[in-house]
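See structure below.
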Amino acid sequence: MQTNECSLREKSIVFIGFMGVGKTTIGKLVAKKLYRSFIDIDEAIEQEYQMPVPEIFKTIGEKEFREKEKQLIQHYAGQKLKIISVGGGAFMQKEVREACMADCIVIYLDITWDVWKNERLHMLMESRPVLQGRSMEEIEDLFNKRKMIYAEHSSKVSTDHLTEEEIAEYITDSLKVSWKMNE
Ligand SMILES: Nc1ncnc2c1ncn2[C@@H]1O[C@H](COP(=O)(O)OP(=O)(O)O)[C@@H](O)[C@H]1O
Ligand SMILES: O=C(O)C1=C[C@@H](OP(=O)(O)O)[C@@H](O)[C@H](O)C1
Ligand SMILES: [Mg+2]
């Protein structure tokens, strides 16, 4: 069955979800399993500016980071057969949501607040400028606000208590089933 411009099987896959849920790690694994090329939007931005994300926030500012993020996502979302992991804040921009939802399969990696707070937060403080200088209550508030934004997706996977490999395997298997059903 053909969809608008390319078949379901050819559509690029975009991973969304909160910081640290595993978009970069799982995107890479899924790309490997499906023999597709992988683009991590944060890594692409870091390459363009030749500096890590926290330094970009500090020296160039979040506004320009978000603009570059939007441009790169619009560029890659229009391509076929890619696996794209976007940053946790990318879906805050309407144009990003529209570009991804129009052309790609958007997979929302969902984690509960308790698991995120207990198992991920400690790994992220240094590398995620958006978390720096915020109280726990403010971070929980951000988590809940972002959750509403991620409501726009094609499918959702709950990641609590699953390993990176288990999640990637589950996603790959589910995609293969849905492609087969659409043949
Ligand atoms: N399912 C998981 N179980 C345990 N650790 C995980 C899992 N998914 C990701 N991680 C770890 O969490 C950290 C953040 O993962 P990352 O892929 O960078 O998340 P994101 O791109 O969503 O911010 C990494 O150290 C990664 O190994
Ligand atoms: O949620 C956010 O606003 C951000 C998430 C980060 O990506 P990950 O979600 O991959 O950590 C990165 O884009 C930047 O630090 C801002
Ligand atoms: Mg990431």
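Backbone N, Cα and C define each Cβ position, glycine as well.
Neighbour density for ARG128 (ATP binding site): within 10 A of its CB lie 18 other CB atoms from the protein chains shown. Per TrEMBL, the feature ATP binding site maps to GLY20, VAL21, GLY22, LYS23, THR24, THR25, ARG128.
Secondary structure at THR24 (ATP binding site), taken from DSSP and collapsed to helix, strand or coil, is helix. According to TrEMBL, the Mg(2+) binding site annotation covers THR24.
Annotation comment: TrEMBL describes ASP42, ARG66, GLY88, ARG146 as substrate binding site. DSSP assigns ASP42 (substrate binding site) to a helix in the three-state reduction. Other C-beta atoms found within 10 angstroms of the C-beta of ASP42 (substrate binding site) number 21, with every protein chain shown included.
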Next item on the list: List the Cα distance (Å, whole number) between GLY20 (ATP binding site) and ARG66 (substrate binding site).
Entry: 18
Notebook entry, point to check: Do any of the binding-site residues GLY20, LYS23, ARG66 touch ligand 3, in the sense that the CB is under 6 Å from one of its atoms?
Noted result: LYS23
Margin query: Can you tell me which of these binding-site residues sit near ligand 2, meaning the Cβ is under 6 Å from at least one of its atoms: VAL21, GLY22, THR25, ARG66, GLY88, ARG128?
Written below: GLY88, ARG128
Next item on the list: Consider the binding-site residues VAL21, THR24, ARG128 and say which one has the Cα lying nearest the Cα of ASP42 (substrate binding site).
Entry: THR24
Next item on the list: State the three-class DSSP label for ARG128 (ATP binding site), counting H, G and I as helix, E and B as strand, and everything else as coil.
Entry: coil
Note to self: Please check the binding-site residues VAL21, GLY22, ARG146 against ligand 1 and give me the ones with CB under 6 A, sequence order.
What the structure shows: VAL21, GLY22
